[in-house]
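Pulled from TrEMBL, these are the features on record:
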- Cys90, His132, His136: Fe cation binding site (BINDING)
- Glu133: active site (ACT_SITE)
Amino acid sequence: MPKTLNIIIYPDKTLRVKCIEIKKVDDKIRRLISDMELTMKEKDGVGLAGPQVGQTIRVIIINTKDGPLAMVNPKITKKSWRKESGEEGCLSIPDFYGSVKRHKKINVIYTDKHNKKIKLAAEGLFARVIQHEIDHLNGVLFIDYLPKKNLKDLPEE
Ligand code: NI
C-alpha cells in the first residue's frame with residue numbers, strides 16, 4: 001500500500017540540490033512514484049518533485065485531469081518564445097504565492113513507469129506545472145523568479 005511522505009519545507013537545503021538521473025525505473029522507483037502520487041493527492045497539490053519528499057533524483061508527478069502523470073528524467077526539448085504570467089504556489093513553501101512568467105508551450109521527453117520513452121506537447125497550466133516541477137530537479141524554486149522585495153515574509157536561506 002502506498003504511504004504518505006513528508007514534504008520538505010523551505011528553506012531546507014534539499015530543495016537546492018541538483019538531482020541525479022534515474023538509470024532504470026525499477027520497483028523501488030515505482031513504489032516511490034505511488035507514494036508521491038498519494039502524497040500529492042492528500043496535500044491537494046498540482047505537482048510534486050523528488051526533492052520535495054527528500055529524494056534528490058529526477059522524478060516528478062503532475063496532476064492532470066486524467067489522473068497523476070509520473071515523469072522520470074523529464075527534459076524540455078522545445079519551448080515557445082511566448083511566455084505568460086500565472087500565479088504559482090508550492091507545497092514546500094506553504095501559504096506563499098507569486099506571479100511567474102513561463103513558456104506558454106513546451107515539448108517534453110521523459111521516461112514512464114515502464115521505462116518507455118514518451119514525448120508530449122503541453123501548453124497553459126499543464127506546461128506551467130511541468131516547468132515548475134522540472135525546476136525543482138535543478139534546485140530552482142518559483143520564488144527565484146520573484147522580485148526580492150516580495151520575499152520579505154519568507155525565512156532566510
Ligand atoms: Ni513546487
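Think of each number as a place in line: the chain as shown, counted from 1.
Including glycine, each Cβ sits where the backbone N, Cα and C put it.
Locations of recorded TrEMBL features on the structure.
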residue : record                 : Cβ within 10 Å
Cys90   : Fe cation binding site : 26
His132  : Fe cation binding site : 23
Glu133  : active site            : 23
His136  : Fe cation binding site : 23
Near-site residues: Fe cation, ref Cys90, His132, His136, CB cutoff 8 A to centroid:
Gly47, Ala49, Gln52, Glu88, Ser92, Glu133, Asp135, Leu141, Phe142
Report, in whole Å, the straight Cα-to-Cα distance of Cys90 (Fe cation binding site) from Glu133 (active site).
10
According to DSSP, folded down to helix, strand and coil, what is the residue listed as 'active site'?
helix
